[in-house]
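Enquirer: Structure provided below as C-alpha cells; questions to follow.
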C-alpha cells in the first residue's frame, strides 16, 4: 500500500506566497523611488534592505506581538494564518518558543533599525556605511544560526521535512535568503574596504616618492 502523499499547495500557502511577492514589489517600488541614482550594486543592496525592513516589521513584528500576548496557534487573522502555515514546517513558531521569540524581538527591533540606518548610509554615502553593513549581516547570520542550531542538536524534532513545500520553500529558500544575502554583503564590504585601503597605500607611496 502506497504511503500517503503529504499535502502541497493550499489556499493559505498560495496567499502567503503572494503576500511575500507583494512585499518584494513594495521594496522594488521604494528602491526605484529613492535609489534611482545609486550604482547597480547599491540598487540591489537597497532592494534587499527595503525588503528586509518590510519583512521584519510587517511579518515578524506581528509574530512577536502574537507570541507575547498568547501564541500563534491561538491567534486569529490573516497574519496568524500565515504563521500557522509556516508553523507546519517548524512547530516552534506556533507555541511561543522562548528561543525563537527572543531572537525575533532582537530581529524586529535591532535589525530593523540597523537596516533603516544602512539605507540612509547607502543613499547618503556615509562613512559608517560598511560598519553598519557588516554589523547587520553578522546579526542576520547569528539569528539564522541560533534559530536552527538548537533544534539540529536535538535531532530536529520540530522540523517537518517530509513535504517538499515545507522543506525547500519555507525552510531552505526563505531562511536561506537571510544567509546568502548577508554573506554577499560581507564580501562586498570586504572588497570595498580593501579597495579603500589600496587607495590609501597608493597615496602614501606617491607622497614618499615626492619626498625623494
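Glycine too: its Cβ is placed from the backbone N, Cα and C atoms.
So TrEMBL says this about it:
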| type | residues | note |
| --- | --- | --- |
| TRANSMEM | 12-31 | transmembrane segment |
| DOMAIN | 41-186 | domain 'EXPERA' |
| TRANSMEM | 43-59 | transmembrane segment |
| TRANSMEM | 100-123 | transmembrane segment |
| TRANSMEM | 130-148 | transmembrane segment |
| TRANSMEM | 168-193 | transmembrane segment |
Enquirer: Taking contact to mean 3 or more CB pairs closer than 8 A (sequence separation of 6 or more), are the transmembrane segment (100-123) and the transmembrane segment (130-148) in contact?
Expert: yes
Enquirer: Using DSSP, how many residues of the domain 'EXPERA' (41-186) fall into helix, strand and coil, respectively?
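Expert: So the counts come to 118 helix, 2 strand, 26 coil.
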Enquirer: Given the model, what does the mean pLDDT over the domain 'EXPERA' (41-186) come out as?
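Expert: Mean pLDDT across the domain 'EXPERA' (41-186) comes out at 97.
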